[in-house]
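Here is what Swiss-Prot records for this protein:
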LIPID     2  N-myristoyl glycine
REGION    7-31  region 'Interaction with Gp41'
REGION    8-43  region 'Interaction with host CALM1'
REGION    12-19  region 'Interaction with host AP3D1'
REGION    73-77  region 'Interaction with membrane phosphatidylinositol 4,5-bisphosphate'
REGION    189-227  region 'Interaction with host PPIA/CYPA and NUP153'
REGION    217-225  region 'PPIA/CYPA-binding loop'
REGION    277-363  region 'Dimerization/Multimerization of capsid protein p24'
REGION    438-495  region 'Disordered'
MOTIF     16-22  motif 'Nuclear export signal'
MOTIF     483-490  motif 'LYPX(n)L motif'
């Protein structure tokens with residue numbers, strides 16, 4: 001980042017940071033905007049070192065201007081940043097981006113007026129830029145320099161790698177700067193594959209040429225001596241015009257920029273091809289549950305560049321769909337920012353969402369909620385256990401504490417029988433049951449159980465008389481009385 005941020009130093013950097021992004025806004029340009037502009041230039045196959053000088057900024061603006069009408073918001077933002085940087089290099093005091101664009105427009109108009117005035121005075125021979133393919137030789141004649149093989153190789157490589165993705169259009173605009181229709185046809189003919197796309201491009205060029213002929217009807221009658229004819233649509237496309245005629249139109253007084261007109265037709269056809277090669281609709285671009293917000297924004301704007309819509313519609317898509325198609329975590333954050341949030345604020349707020357730290361924080365919150373719910377369930381379950389068992393002191397007889405914690409004087413003797421000399425655990429006092437027997441009994445079975453008795457093994461003798469009973473012997477009555485205890489002690493005088 002250090003090399004990218006070293007574009008401005010000292011007083012220029014202070015002047016850069018004082019310029020506002022919008023009129024009346026609070027945000028101003030920072031070093032990060034220079035870093036972003038350098039990365040964007042690399043993405044468009046332009047040299048980021050051009051930002052270090054005012055002349056380099058002029059070259060960048062000349063290459064970006066043809067794409068401003070059909071380009072995306074990123075290209076416009078890049079052009080605005082370069083224009084502001086140009087004012088800083090030229091020591092032009094501006095308050096915001098709007099004033100910088102106005103100053104650049106004034107400078108460009110003055111430069112254009114100077115070029116036109118010099119062309120009227122000197123035949124437009126000394127004011128032709130050496131950067132264009134049409135240059136002036138030693139004899140003062142306008143000659144054409146063919147496109148270098150390096151430029152053609154770069155164009156073919158972009159088409160092969162990108163396959164008519166949205167990046168192809170600004171790349172074509174940069175490589176075809178100042179080219180003649182013959183140069184543009186040479187670039188199109190070097191594309192070997194994608195013949196279906198090239199046929200679509202030819203159809204678009206033919207339609208635009210027919211529209212040009214309709215809007216510019218041919219002049220009837222012979223031309224005056226020394227006057228060149230007006231170009232037709234096929235002349236602009238380079239099919240019925242020679243290279244010398246194209247040079248004459250482009251360097252005439254007034255000039256007819258047949259190269260720029262043909263270039264606009266080609267860019268219009270490339271926009272249709274890009275839309276065909278990008279079948280994914282902007283409505284289908286959604287953020288994954290674990291996808292970083294920055295990657296989602298990159299995919300969103302890449303698909304938005306291929307949309308054939310006006311800037312107002314694209315602005316609505318950015319304000320609405322970018323938030324609507326985000327994942328739930330980012331959507332919650334973006335809705336909290338409000339409607340007027342900028343893209344920079346959105347990316348700053350959603351930074352880290354989906355990463356390890358965010359996952360750990362979400363997991364910790366989920367675990368804390370789960371533990372709280374479990375504790376609530378345990379408390380609810382404990383409410384169904386009923387009242388606790390009260391404890392009673394054996395020393396004072398009161399409830400609520402144990403004998404070892406009792407503050408009353410120590411009770412002497414056994415806590416059961418009250419006698420001294422032994423403890424309750426060693427007390428021999430036994431409690432009688434409801435039958436009057438000491439419990440537990442030391443002999444035989446308990447008294448409330450049926451006692452053992454001798455049962456005869458043979459049936460009793462049957463009486464031969466009628467209605468006679470055998471009287472029991474006194475000995476047997478005494479035995480039965482001993483087997484069953486008396487209940488007089490329990491029931492009083494009952495028989």
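Any Cβ shown, glycine's included, is placed from N, Cα and C.
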Out of 7-31, 189-227, 277-363, which stretch touches the region 'Interaction with membrane phosphatidylinositol 4,5-bisphosphate' (73-77) the most, going by CB pairs under 8 Å?
-> 277-363
Please indicate, using numbers and ranges, the residues of the same chain that are 6 or more beyond the region 'Interaction with host PPIA/CYPA and NUP153' (189-227) and have a C-beta under 8 Å from a C-beta there.
-> 152, 155-156, 159-160, 163-164, 233-234, 236-237, 261-262, 265-266, 268-270, 272-273, 276-277
By Cβ distance under 8 Å, which residues at least 6 away from the ends of the region 'Interaction with host CALM1' (8-43) in the same chain are close to it?
-> 1, 50-51, 60, 74, 78, 81-82, 84-85, 88-89, 93-100, 167, 342
Under the DSSP assignment, what numbers of helix, strand and coil residues are found in the motif 'Nuclear export signal' (16-22)?
-> 3 helix, 1 strand, 3 coil
